[in-house]
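Just below is one structure, and these are the notes that go with it.
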Amino acid sequence: MPASFYTQEIENYQSALKAINKKLLFFSMLRLTVFLLAVVGIYFFSGNWTLITVIAIICTTVFLGLVSHYSNLQYEKKKTQKLIEINQNELRFLKRDYHEFDTGEEFSDANHFYSYDIDLFGKGSFFQYLNRTATPEGKKELAEILLHNDPVDIEKKQRVIKDLASKPKWRQVYSAIANLIESDLSTKTLVNWIKGYQSFTPKYAKPISIGFSIISLGVITTAILNIIPESFAIYWFFIGLTITGRYFKKTNLLSDRSGKAKEVLQQYHQLLNLIEEASFSAEILKAKQVIINSKREKASGILKKLSKAIDSLDQRNNMLFGVLANGFLLWDLRHAKTIEEWIHTYKEDVDHWFEIIAYIDTQNSLATFAYNHPGYHYPTICDKKGIEAQGLGHPLLNPENRVDNNFNIQNKEFFIVTGANMAGKSTFLRTVSLSIVMANCGLPVCASSFDYSPMKLITSMRTSDSLADGASYFFSELQRLKFIVEAIKTSRYFIILDEILKGTNSTDKAMGSRKLVERLVKSNATGIIATHDLSLCEVAQELDAVKNYYFDAIIANDELSFSYELKEGICQNMNASFLLKHMDIVE
């Protein structure tokens, strides 16, 4: 069960964190000890320059090694802390506390086919309930998947989600590493920079710098041994500075821009390595692995080389090292050339690698949703049916008091749903709508069974006027209905309408609603319309494709109650007058 897994993982990572903290303390004290030994050694052997040099070299080497190991431990600490946080968040989620997750408000679009009507984005939305992405690109792709309205290859999508859902530890490590990226640099900006980069280093910069470094070693050695005058070493040093100085401004620009990418690259090569080493069964995931392994070496190793090259170039920012390294080793020229060679070789591949990282990030969110809902059902794809669902419910409603419904609608059928206020009509419409969106994404739906003939979704449930566009409420609704009528001419849609033509009088509304339903049925459309207008139910007597269903309100002993169960027939109990009187609004 998810809850027991998350609880156990928290305990495991908390134990690991304690061990890491102990190691950090140990290596911190060890660094201090090495430093003190170096100071004491230099003090006691002052005057013996040979021995002092040996002590300095040994202690510096050991100290730098300890610093590197300490830095690695700090990274492992951050990752472990992030893993603890991830598991704690999932435990809170299982208790229906998910309101700290990203809302995706920026993706809300009132003109979309369905997203605005079914509260796909915003506070308390399905996106907030679903989203576990750790990268900006993954978050955007998740929103696009929900908005794409794409009922193609659903079974392939399901296999990807099932595959990743079976790997909760792998998913969490992937998410933890991705979450450690603190840079604001987007991969799109990085890819554009790489593809548009113009080289400035000379063609033979690398062999020149290597040759210069070898000669420098000889110059320094012979100067120390007094074979040549020290002045010659100084002249040679300034020759090196002159050479690198010629490219100083352009190297600064390269260092600045590549330095901003370093953190992204350091994490991304680890993410690629996770993907490369994973054992996937889904064909789409295997295809992604083929892409990142299509070169002579793995993409993670290739990206790591660029990260190391940038890190080496960044050493120039240590002023003393930078001056000495450029004077004797042509440091800037050598490592700038390495970066430029990498860009020239892999500039056409890097965007594909980043796309795969974002794709896995997105699919991890879907897989986490599936893992957290083991009782949900993956839709069975049946081309000849419409939707046949048992125990269908809305995932955002608390299962302890949620009322699920059976819902069977065949292709080219249209349901008219009536019911009293607050009886559950709108919730039911959003339940069906969201289930279609989830099914098209490959997600399991909140149902005990769900046979589904794939189709796109289009809705008109929440229309508003627009002062900016000068459009009235009624005209906005007409535009929406026109949009629907035109859309179903070219593609197969499941249509959901809630109380249409609210901006006109009852007689006109009844006539218009009737004509619209007749038009939709004539177009072989499939869908649902919810209404308070009982006269619309008469259409079912004339058209075999139309069926009446309702949600009931029960008034007994001056009390109002609801069953929230979908029943066949026409609603007989309305509650507006009762509520007006019950709330002392009217007598």
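Every residue gets a Cβ built from N, Cα and C, even glycine.
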Given ranges 208-227, 228-247, the stretch to which TrEMBL attaches the annotation transmembrane segment: 208-227
Mean predicted confidence [pLDDT] for the domain 'DNA mismatch repair proteins mutS family' (412-584): 84
Tertiary contacts of the transmembrane segment (51-73), as residues 6+ beyond its ends and Cβ separation under 8 Å: 20, 23-24, 27-28, 30-31, 34-35, 37-38, 41-42, 45
